[in-house]
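**Student:** Structure incoming, see below.
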């Protein structure tokens, strides 16, 4: 909160004629821009990292032509997509066709408003920030469903139907998985959940909730349409799914939304199960002092990078699951395990097993 108060004072000093409400709106707007620009850069270079990592896993070099070692490849890709023509299918509903990418990208950006990067670095600190993330994050699928419907083509429609079914299935699993975290932390505030895990790696929730952490990670792959669960846009089955009729910047917007959601799920995994911005060496006498100079945000970024690498590793090593296998995994495997683990956590809470309860 000290950083927030300092920021407020700076704005009032620069523009003293602003009243309190306008100043707060201006501050939130500035913080939103400060978050949006780095997020788009991270998304752009995550695509570069993906191509490089998967290339090395397949004994290839990956992008290496544009700029030194291919570092300018994301910029070249962006310019290419910006200059491509946007083609509208003959029988498409043009208004809904253009609205769909907006519905996909808007929630993917809006949900970052409540994500804390450190104890005092966030846009807003909602008491119900976890519920906000679940509510806003689930809206993005309507963009995919609308894209499938508005394209007036059979392959996008099949992709939209799959997307709707997967949303219903895995939103329930993710919701039940996060209930266990809320039961231990006693709050739905993301900041409070992270603070409850301070004290070192032994206090992090991935230890008592290890099966739930695995389920959450796999479910996040499904929710973000990532391989091996990318049946919504399976090229070998439905050509490209909901994206097949999109081109140029309309396609790029869907692309940005998918990768922004991937980064979001990686950050959520860190916040929920791996102590957020806390160092793993807290309360360890010698190591705590050695690593005390590293800011909390750096720890958060390092843990998030690890999960983002896991996304790439899974994509490069596992074949695509069939649609019926994914549904079976949700309803007959993950859902029963999460329900059972809720009762296990309730029992451990009553027994007050230290150090988590």
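A Cβ is built for glycine as well, from the same backbone N, Cα and C atoms used for every other residue.
According to Swiss-Prot, the protein has these features:
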| type | residues | note |
| --- | --- | --- |
| TRANSMEM | 22-42 | transmembrane segment |
| TRANSMEM | 94-114 | transmembrane segment |
| TRANSMEM | 130-150 | transmembrane segment |
| TRANSMEM | 164-184 | transmembrane segment |
| TRANSMEM | 199-219 | transmembrane segment |
| TRANSMEM | 254-274 | transmembrane segment |
| TRANSMEM | 294-314 | transmembrane segment |
| TRANSMEM | 333-353 | transmembrane segment |
**Student:** Compare 22-42, 130-150, 199-219, 254-274, 333-353 by their Cβ pairs under 8 Å to the transmembrane segment (294-314) and return the stretch that comes out on top.
**Tutor:** 254-274
**Student:** Would you kindly check 22-42, 94-114, 164-184, 199-219 and say which stretch has the most C-beta pairs under 8 angstroms to the transmembrane segment (333-353)?
**Tutor:** 164-184
**Student:** With a Cβ cut-off under 8 Å, give me the same-chain residues at least six positions beyond the ends of the transmembrane segment (94-114) that come close to it.
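**Tutor:** Distal contacts: 32, 35-36, 39, 88, 122-126, 129, 132-133, 136-140, 142-144, 146-147, 149-151, 190, 245-246, 250, 253-254, 256-257, 260-261, 264.
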**Student:** If we skip the immediate neighbours and take only residues 6+ beyond the ends of the transmembrane segment (164-184), which ones have a Cβ under 8 Å from one of its Cβ atoms?
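**Tutor:** For the transmembrane segment (164-184), the list is 130, 134, 138, 141, 145, 193, 196, 205, 208-209, 212, 215-216, 219-220, 222-223, 229, 231-232, 272-273, 326-327, 330-331, 334-335, 338-339, 341-342, 345-346, 349, 356-357.
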